[in-house]
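Below is one structure, written out as structure tokens, with a few remarks after it.
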């Protein structure tokens with residue numbers, strides 16, 4: 001019932017905004033006046049049960065809705081009612097902006113359009129810049145240890161703050177500060193400790209990495225990597241391979257840290273256009289000419305059927321693969337005018353893939369949707385992605 005009301009309200013808001021007053025049209029039902037007159041706490045209760053995909057349209061229904069949608073109280077209500085959703089965020093460096101920009105993937109809810117023809121013409125998803133009515137705040141970098149969740153800011157100015165909360169509680173509280181201020185650091189949990197790296201000024205290079213022990217509530221510096229191993233750009237992510245930290249950068253090199261020997265070294269870049277991701281208990285590999293899955297029974301990679309059209313679309317320019325609500329989310333770019341030698345802009349494209357293992361053991365993939373989500377200058381740089389539940 002609440003979702004039906006959301007669709008009606010969003011449709012009314014779109015119609016009133018998109019058509020001139022002089023044009024005769026069929027009147028769409030407006031949101032019930034009684035609902036708008038309710039106390040804020042009851043409106044929040046309703047909004048918290050509606051998928052966030054409706055929020056951009058609902059925010060133009062009234063000022064009350066707009067203020068409540070961007071409020072922290074709505075996040076608390078969604079946590080209380082267990083209606084939180086997963087959201088995919090990307091961080092891009094655009095040539096005309098001095099600081100990195102965060103975007104959130106907005107996915108159109110089913111039944112959002114009235115006409116079937118409009119569904120086919122309009123995009124299923126798009127990247128929306130943060131902040132917006134869809135994502136009011138820059139996403140936090142979140143890691144968990146036992147029953148506690150720790151978070152770091154991914155924005156400017158640099159901050160020493162680390163937050164912590166119990167998984168059953170929505171309220172964040174301050175944890176012991178890091179030893180230096182960091183902007184967009186990266187964090188990883190190993191041996192029940194939190195390793196934090198990057199994001200600090202050159203003058204703070206002695207504290208480029210540090211580790212937090214929740215038992216003692218103290219920070220300790222990591223050994224200082226040599227200058228060539230301290231990246232000039234934002235660290236993309238950390239991967240644990242055979243007991244070592246592989247620090248993936250957006251520079252021409254990566255680095256590796258051995259926590260046992262406490263030593264840094266140069267790491268080889270992963271194979272180009274071979275992006276691997278785990279969905280459930282299965283590993284998938286996206287390569288220039290094929291999609292593969294790893295069969296644990298025979299310990300070998302096998303071809304995924306049904307994705308030949310997508311193979312042609314993203315055979316080059318693959319940016320990222322992530323697990324998203326039990327499916328595989330792909331991000332890639334391509335020139336807006338591929339036949340030209342020099343192209344000023346690129347399309348960033350996204351696709352959602354579901355998988356089905358059949359009786360013969362063969363895995364088939366299905367493209368749930370695929371479209372262009374953003375147009376950017378060709379000189380842009382992809383910095384990082386994250387999936388957050390909120």
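Any Cβ shown, glycine's included, is placed from N, Cα and C.
Residues or ranges marked as compositional bias 'Low complexity' in Swiss-Prot: 1-16.
Taken from Swiss-Prot, the feature region 'Disordered' applies to 1-33.
Here Swiss-Prot flags 32-79 as domain 'F-box'. Helix, strand and coil counts from DSSP across the domain 'F-box' (32-79) read 34 helix, 0 strand, 14 coil.
The annotation repeat 'Kelch 1' is assigned in Swiss-Prot to 139-192.
Along the repeat 'Kelch 2' (193-243), the predicted structure has mean pLDDT 86. Annotation source Swiss-Prot lists repeat 'Kelch 2' at 193-243.
Secondary structure of the repeat 'Kelch 3' (245-286), assigned with DSSP and counted as helix (H, G, I), strand (E, B) and coil, comes to 0 helix, 24 strand, 18 coil. As annotated by Swiss-Prot, repeat 'Kelch 3' applies to 245-286.
What Swiss-Prot records for 288-321 is repeat 'Kelch 4'. Within its own chain, the repeat 'Kelch 4' (288-321) is flanked in space by residues 90, 273, 275-277, 282, 328-334, 348-349, 351, 353, 355, 361-367, 370, 382, 385, which lie at least six positions past its ends and keep a Cβ under 8 Å from the stretch.
DSSP labels the residues of the repeat 'Kelch 4' (288-321) in these numbers: 6 helix, 15 strand, 13 coil.
Sequence-remote contacts of a segment are chain residues at least 6 beyond its ends whose Cβ falls under 8 Å from one of its Cβ atoms, and for the repeat 'Kelch 3' (245-286) they are 186, 188, 190-191, 195, 197-198, 209, 222-223, 225-226, 228-229, 231-239, 292-294, 301, 304, 314-316, 318, 320-323, 326-328, 330, 355, 363, 381-383.
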